[in-house]
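A.B. asks: Following this message is one structure expressed as structure tokens.
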């Protein structure tokens, strides 16, 4: 009887994996749509370096918001946090469409400022969702967080594939770039609405999700109560006392000190990646036989291999578990900086595509290795807090990377 009851409570593993993948996809689908149509924004705003500026605007909002949320993580309602993030993604994506229609696809400083404001809104939404979801999934099965991270990468691969299709479909038509951009954000708007529905009504009712949230609540987590209520669980036997006292858990400072290597690992992974992608790939790779398709192909290859890299750790024999080895591998990636520099200067497009593919593969692989290894051995509330801290360092790395990306412009009129 007991085994049967436990088995029932652990049902829905594969449904949860699929939903996690879709929610991860929705976390970056809108932002990747904006990145992937940079050729359109480059045409509208040729003097403003949109490929670099939009990312630079996005990151302070994402990092600053997540810093506040991570500090107050133990007191937050995770359900309201994530729902707010997905709803903000939906509204902001819809506003991109409205802005494009209102301006009739014209450029200018006013339109660019509007696009930058919406880029900042995407950053705020990302801080709510990415930190909230990674923290929430950190105390569940590692496959859930791996699937969510794979969904993040899949958003890039899907948007790249859509961009290539729309460019081919509209290349010879009048106003083709704008039509492709409108189609992109129409699809993104629908997908973000789907994520709101999935998180609000489907995910909290999956038995295995309810089981892990109940377990986290029994260990002192107060952040899951609204999600448990949405799943039909009002009170947990034997946990009333835990809710009336402060949960006995390690503080954020102690968790950070114990996992400073993992925190720095996530920072360095994304600092390197974003110092090259997408700004350098869009503006500094020269002219090649692929013409206007070249940057799109590079971005597509990065996104596809980033996605593949996030599935490699599912094979246990290929997953890095050693903390020292993970750090050594991450530091060795910095050899890609001179490799990209000399390839852009002397190499052909084939070598650049290979390097970009490796950048994506290593980024996805190492991200999953770090974020699935770090939470092991902690209680639910501590895993939630640690997940938020690691995503904070991840966004800090992205912020540092997009800032360093401007160094590639030294000697080119700067």
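Glycine too: its Cβ is placed from the backbone N, Cα and C atoms.
Okay, these came from TrEMBL:
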- 12-31: transmembrane segment (TRANSMEM)
- 51-71: transmembrane segment (TRANSMEM)
- 83-102: transmembrane segment (TRANSMEM)
- 108-127: transmembrane segment (TRANSMEM)
- 148-170: transmembrane segment (TRANSMEM)
- 182-203: transmembrane segment (TRANSMEM)
- 262-281: transmembrane segment (TRANSMEM)
- 293-313: transmembrane segment (TRANSMEM)
- 325-344: transmembrane segment (TRANSMEM)
- 350-374: transmembrane segment (TRANSMEM)
- 386-409: transmembrane segment (TRANSMEM)
A.B. asks: May I ask you to check whether the transmembrane segment (148-170) and the transmembrane segment (293-313) make contact, with contact taken as at least three Cβ pairs under 8 Å and only pairs 6 or more apart in sequence counted?
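C.D. replies: When sequence-distant Cβ pairs are counted, the transmembrane segment (293-313) touches the transmembrane segment (148-170), since at least 3 lie under 8 Å.
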A.B. asks: With pairs fewer than 6 apart in sequence excluded, do the transmembrane segment (293-313) and the transmembrane segment (51-71) have three or more C-beta pairs that lie under 8 Å?
C.D. replies: no
A.B. asks: Cβ pairs under 8 Å only, please: of the recorded stretches 12-31, 83-102, 108-127, 325-344, which one is richest in them relative to the transmembrane segment (262-281)?
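C.D. replies: Most contacts with the transmembrane segment (262-281): 325-344.
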A.B. asks: Are there residues at least 6 beyond the ends of the transmembrane segment (108-127) whose Cβ is under 8 Å from a Cβ of it, and what are they?
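C.D. replies: Contacts with the transmembrane segment (108-127): 27-28, 30-31, 34, 41, 44-45, 48, 50, 53-55, 57-66, 69, 85-86, 88-89, 91-92, 95-96, 99, 395.
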A.B. asks: Would you mind listing the long-range same-chain contacts of the transmembrane segment (350-374), meaning Cβ under 8 Å and 6+ residues beyond its ends?
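C.D. replies: Sequence-remote neighbours of the transmembrane segment (350-374) are 134, 138, 142, 145-146, 149-150, 153, 259, 262, 265-266, 269-270, 273, 276-277, 281, 285, 297-298, 301-310, 312-313, 319-321, 323, 326, 329-330, 333, 336, 339-340, 343-344, 386-387, 390, 394.
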A.B. asks: Same chain only, please: residues at least 6 beyond the ends of the transmembrane segment (293-313) with a C-beta under 8 Å from a C-beta of the stretch. Say none if there are none.
C.D. replies: 32, 35-36, 38-39, 146, 149-150, 152-154, 156-157, 159-161, 163-164, 167, 277-278, 281-282, 285, 319-320, 349, 352-353, 356-369, 372
